[in-house]
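If you check TrEMBL, you get these features:
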type: ACT_SITE; residues: GLU239; note: active site, proton acceptor
type: BINDING; residues: GLY278, ALA279, SER280, SER281, GLN282; note: ATP binding site
type: REGION; residues: 32-59; note: region 'Disordered'
type: TRANSMEM; residues: 568-588; note: transmembrane segment
Amino acid sequence: MNEDFVDHPALKIEAKKSRDLHLKRVEASSDILNRGRRLKHHHHHHESESELEKAERKRIKHEMKEARKRAKHQAKIDALLEDSGIGDDTMHGMMIDAGSSGSRMHVFEWKSRILVGKKETAAALAGKKLSYPNTNSRWTDRLKPGIATFATLPDEELYPAIEKYLKPLLDFAEAVLHTKNESFAHYPIYLKATAGARMLTPENRKRLITACRDFFSNSTHSQFMFNKEHARVISGEEEAIYGWTGANFALGSLIKSSQGIGTVVNPDLTYGTVEIGGASSQVAFYQNDEDIMANLFKLQIGQGKHWNVYAHSYLYFGINEAWNRMGAHVSTLGLSNTNVPSKVENPCLAGGMKAEFESTIWFKDGHESFIYNDDGSKISYKTQMRNEESKGSYDGCTDVVKDIIHKQYNTWCEFAHHGSCAFNGVYQPVLPVQDQTMTGEFLGLSNYFDVFDFLQIPPKSSLRTLQNATKALCEMSKDDLTKFNDGRLEAEDMLKMCFQSVFAFELLNTGVGFGMDDNITAIDVVNGQKVGWALGSMLYEINTLPWKYVPKRYVDEVFDMADKESRIIPVFIALTAALIIIGTALTIMRSGRRGYHRVPSNTISMSPTRRDR
């Protein structure tokens with residue numbers, strides 16, 4: 001970091017404030033930890049706890065957990081303020097992945113979009129010179145709950161809630177980019193909400209996004225570049241295609257050249273992707289015979305080449321919503337009224353385990369539904385799921401999971417598409433054949449990675465390996481599962497892992513149609529890049545930003561400037577321009593995203609390339 005900047009009085013004051021705040025939080029954390037120890041000591045001497053004592057112990061445990069998280073987060077901020085590791089001459093942008101269970105702020109950087117001379121300009125006009133994003137795990141922050149949680153609040157509560165929710169993410173981005181605060185207005189910020197928001201009613205979805213747009217448009221809250229369309233709910237198919245693009249980009253399987261100029265690699269060597277999120281699951285793959293009858297996305301990769309990619313998203317098939325639907329199945333299937341028993345058997349739990357369950361989903365007539373009160377609100381219920389057997393039941397859990405995958409609803413699809421169907425009545429072309437040349441390989445993202453990791457199976461495993469490990473897990477008792485977990489997951493997450501593993505396997509085998517000897521490679525981070533749709537989405541967005549042109553004769557002068565970004569004379573180059581206007585004096589032109597042709601909603605046009613390793 002620049003020494004003059006470190007010695008700046010304002011920074012010293014901020015650093016002192018940060019240290020003082022950190023010490024206060026540490027003191028508060030210590031107090032919470034001490035209270036927790038006292039309560040734990042009391043518990044050991046009084047085995048018979050009252051309900052009040054149990055509630056207090058639970059509250060203290062939660063406070064301890066939150067105190068540790070705050071201390072860890074503050075330490076991360078302090079480290080970023082010391083040295084965030086961003087480049088001196090790079091541009092930046094932010095992508096907020098507003099998911100169903102939480103939001104993630106990703107800060108990206110890329111080389112400044114500056115064209116030097118006619119050769120680079122011609123390459124840009126031909127679609128051969130591209131920008132590609134880079135990031136670091138230190139530049140990602142996350143918070144809970146999902147943003148859709150606030151959608152039902154009245155407007156007078158919604159807007160303050162959104163402000164309070166998003167402000168910490170902006171503070172984090174500002175900490176990452178604090179050495180470039182004078183350039184914030186040139187750095188675009190995007191919020192893209194996924195399945196959690198897609199499950200909302202159209203009215204609540206609109207209100208939620210309007211509140212987000214209002215927040216980012218207010219310069220009091222955000223200094224970053226923002227246009228109205230930067231905040232929106234993306235379609236499931238966009239999420240699928242962005243995930244496919246981001247994964248292949250991170251693995252270098254899109255473009256041969258690492259400098260942004262090159263030809264695409266053999267498209268047969270791209271990876272297909274399967275993903276289980278919180279509220280939806282996605283599948284996407286390149287179809288080499290180009291025979292796709294539905295869910296087709298034409299992906300433009302450099303030099304105007306289009307790839308035919310099959311992409312589909314299944315709403316309510318994310319891991320949390322699948323658990324919710326499974327719980328509804330074991331709790332309400334076969335009921336003739338709304339009187340749900342206080343206790344129900346759940347074969348997906350380990351022997352001797354129990355879990356509190358609350359939902360608004362009912363399983364009536366073999367499928368999910370909502371039941372409404374007279375005022376239009378959804379009827380909810382509570383029950384306790386339990387397994388009173390000595391161990392869990394893989395077969396019993398599998399039966400329930402197959403019921404909620406809805407393979408039985410393929411009747412029309414089987415008729416209309418001659419058997420080319422996945423599940424839940426959705427058309428899917430035949431999967432690419434996996435062979436020794438690495439064609440047909442698939443990556444498992446998000447919760448697939450979590451399942452493989454918990455089961456302790458190799459990242460690249462066959463479905464047979466996944467099934468065998470899942471069987472062993474689901475036949476465990478509570479004590480066996482606790483020992484196997486070994487403190488890796490919280491108890492409330494641990495008890496769901498049998499179900500999650502069965503669901504992951506059945507989605508691949510019964511649902512998408514992989515064979516038992518087919519392999520899935522579970523990945524999470526590649527070279528510091530979080531593999532997911534946010535990376536693919538940013539890849540698209542930055543390649544719609546304007547270029548700046550610098551005549552070659554001015555290069556030495558321009559690049560010797562202390563602040564070249566503010567003194568380069570820019571010339572906006574439209575992507576459809578055929579001529580480059582170079583005069584003795586260059587006209588300064590500033591343009592945002594206006595003037596760029598938008599591709600149809602069912603086509604994603606982008607120009608990604610492999611980044612430097």
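Using the three backbone atoms N, Cα and C, a Cβ is placed for every residue, glycine included.
Apart from GLY278, ALA279, SER280, SER281, GLN282, the ATP site neighbourhood in this chain, defined by C-beta within 8 angstroms of the site C-beta centre, holds SER100, THR194, ALA195, GLY236, GLU239, GLU275, ILE276, GLY277, SER313, TYR314, LEU315, PHE317, GLY318, ILE319, GLU321. The DSSP secondary structure for ALA279 (ATP binding site) is coil. On the backbone, the CA of ALA279 (ATP binding site) and the CA of GLU239 (active site, proton acceptor) stand 12 Å apart.
Around the Cβ of GLY278 (ATP binding site), the same chain contributes GLY99, SER100, SER101, GLY146, ALA195, GLY196, GLY318, ILE319, ASN320, GLU321, each under 8 angstroms and 6 or more positions distant in sequence. Least packed by the Cβ count within 10 Å, out of the binding-site residues SER280, GLN282, is SER280.
If you draw a 10 Å sphere around the CB of SER281 (ATP binding site), it holds 31 other CB atoms from the protein chains shown. Spacing of GLN282 (ATP binding site) relative to GLU239 (active site, proton acceptor) is 8 Å (Cα to Cα, whole number). In this view, ALA279 (ATP binding site) is surrounded by 26 other Cβ atoms within 10 Å of its Cβ, with every protein chain counted. The separation of GLU239 (active site, proton acceptor) from SER281 (ATP binding site), Cα to Cα, is 10 Å. Put simply, the residue listed as 'active site, proton acceptor' is 10 Å from SER280 (ATP binding site) when counted between their Cα atoms. The Cβ of the residue listed as 'active site, proton acceptor' lies under 8 Å from the Cβ of THR194, ALA195, GLY277, SER280, GLN282, SER313, TRP533, each of which sits 6+ residues away along the same chain.
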